[in-house]
């Protein structure tokens with residue numbers, strides 16, 4: 001693990017997530033069946049203060065060198081919708097970059113403007129905004145939506161949390177690493193498991209939780225490339 005200190009945006013996001021019960025420590029059963037000592041519930045990102053902190057963290061990653069220049073943020077329904085919207089606003093406030101955002105409907109609308117897409121036209125260079133990549137099924141469905149739009153080109157994915165753990169495919173790689181290799185685009189998180197460990201180490205208040213997370217990482221963890 002890198003010894004590099006956490007930056008202020010990551011610290012602010014982790015502290016806000018813990019304060020609002022979004023990042024929890026305990027014993028949780030994941031969809032994969034694994035018993036995890038921590039859990040991130042993006043469904044609780046509903047307060048204005050927490051959304052503001054989250055949006056600022058997204059904007060910082062979106063303006064980093066790892067994410068190529070882009071035109072539109074795509075937030076897959078449903079959790080990605082609000083995340084894409086607030087990220088677009090925060091990015092403009094931080095950098096002055098004026099980009100569009102859009103999202104999909106789960107069901108096609110046959111009245112009014114119709115269609116399955118809402119917001120900016122799905123064309124040009126697209127970055128997908130999402131919460132947590134687990135099996136990779138949801139992100140592949142989002143990418144399929146882009147493939148149906150011939151003028152859209154995926155250039156990157158930004159997610160809230162990279163669990164940095166081995167996927168279910170047996171490759172020994174994380175879902176994030178598999179998606180990066182399969183689609184040839186960077187997948188950047190606001191925070192990863194290593195960042196959570198660093199925060200627990202530096203706080204000095206979470207010794208029991210730190211030991212459990214370390215054990216989990218030792219068994220399932222994958223180092224980011």
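Using N, Cα and C of the backbone, Cβ positions are placed for all residues, glycine too.
Other Cβ atoms within 10 Å of the Cβ of residue 106 (5-phospho-alpha-D-ribose 1-diphosphate binding site), summed over all protein chains shown, number 8. A strand conformation is recorded for residue 106 (5-phospho-alpha-D-ribose 1-diphosphate binding site) in the three-state DSSP classification. Look at Swiss-Prot and you will find 31, 78-79, 105-106, 109, 111, 130-138 tagged as 5-phospho-alpha-D-ribose 1-diphosphate binding site, backed by similarity to another entry.
Annotation source Swiss-Prot lists orotate binding site at 39, 40, 134, 163. Around residue 39 (orotate binding site), the C-beta neighbours below 8 angstroms that are at least 6 residues distant in the chain are 23, 24, 26, 28, 30.
Of all Cα pairs drawn from 39, 40, 134, 163, which the record names as binding orotate, the longest spans 12 Å. By a simple count of nearby Cβ atoms, those within 10 Å, the most crowded of the binding-site residues 31, 79, 137, 163 is 163. Local packing around the Cβ, expressed as the count of other Cβ atoms within 10 angstroms, is greatest for 134 among the binding-site residues 134, 135.
Around residue 133 (5-phospho-alpha-D-ribose 1-diphosphate binding site), the same-chain residues at least 6 positions away in sequence with a Cβ under 8 Å from its Cβ are 139, 157, 159, 162, 175, 176, 179, 187. Ranking the binding-site residues 31, 106, 131 by Cα distance from residue 163 (orotate binding site) puts 131 first. Here residue 134 (orotate binding site) is positioned 8 angstrom away from residue 31 (5-phospho-alpha-D-ribose 1-diphosphate binding site), judged by their C-alpha atoms.
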